[in-house]
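In what follows, a structure is listed as structure tokens, so that the remarks can point back to it.
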Amino acid sequence: KDWRAMGDAGPPARKLLFVCTLSLSVTYLCYSLLGGAGALPAADAWLRTPLAPGGTVTAREPGAPDDDELAGPRAANASGDRGGAASTPDYGEKRLPQAVIIGVKKGGTRALLEAIRVHPDVRAVGVEPHFFDRNYDKGLDWYRNVMPRTVDGQITMEKTPSYFVTSEAPQRIHSMAKDTKLIVVVRDPVTRAISDYTQTLSKKPDIPTFEVLAFKNRTLGLIDASWSAIRIGLYALHLQSWLRYFRLAQIHLVSGERLIVDPAGEMAKVQDFLGLARVVTEKHFFFNKTKGFPCLKKPEESGAPRCLGKSKGRTHPAIDPDVILRLRKFYKPFNMMFYQMTGQDFQWELEEGDK
């Protein structure tokens, strides 16, 4: 039943997808159980917290907000944040979002949000409300109040990357509005995991090395899938949960890599998906060689481009090439399944020079 939303593939194709999915799920469970077994050092126990039903995956110490994760009272007071090309008006209505950027962490969601907010027909709250994972008990009225005011013809949006890996988020969003449009920014899971670790390292410089955390047993090459930095990158498994409630046509996938090298091209697809005119174009972007990714600028102004904050574009630590190779082998079957499910080949298996 889950695969009927994925297109017009016949029974044999669906059967093959089901068998592949079942195989991957069993493999994933084995990795998780093996990776989660045994005693863990107290210093890094918070990095490997197993998911509870309805829980979220996090690589942060509990209670330590990320640069973009400022939920609760600050989110409720953030509806006056800048949105679109001009300041959020004090007229119009507060509406529940028609589109949500649901993931993934360290994929490029902040860059995407800032770019789409340039569009005059988009209003988006700047901070992450975390309604469907942390604040659901506050109710839809609280969530609506977090949103900026909009007028007819404008789209209300928000982004919280942890939704993609939150087991209860698909059903909760579907209950709010079954026609909600969902956007997921995906990135090479190996690079994403290293970026995730780099962010954690900047806040906890005494944590173990990436190589130590990535393996349950490095000698045997057993990847520790219980570590959230690894688990988030199992995109195919997470996507299954969303396809139980939403058609694939309602989920737009953005390439985190192409968002860097061709931001205008990726934004054109996003605007088409949202039913918007292509207002955000190449004239809005300026590539920052120091940061290594594009910055935004208003084409009618001569001022300096506005780049993302210091938490973006951090230099990654050097990782043992053998660890990278082992991770690529680990992720490959999950990546292949993801490509089959979505009909898109993100080419994460190719060497840099072949892309």
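The backbone N, Cα and C atoms fix where each Cβ goes, and this holds for glycine too.
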Partner cysteine of C307 (disulphide bond, per TrEMBL) from C30, C295: C295
Give the distance between the Cα atoms of T315 (3'-phosphoadenylyl sulfate binding site) and C295 (disulfide bond), rounded to the nearest whole Å. 17
At the Cα level, what's the spacing in Å between G108 (3'-phosphoadenylyl sulfate binding site) and C295 (disulfide bond), rounded? 13
Keeping only the recorded positions of K106, C295, C307 whose C-alpha lies within 10 A of that of S195 (3'-phosphoadenylyl sulfate binding site) yields K106
Let me know the most crowded of the recorded positions, choosing from K106, R110 and counting other Cβ atoms within 10 Å. K106
On the domain 'Sulfotransferase' (97-332), the mean of the pLDDT values is 93
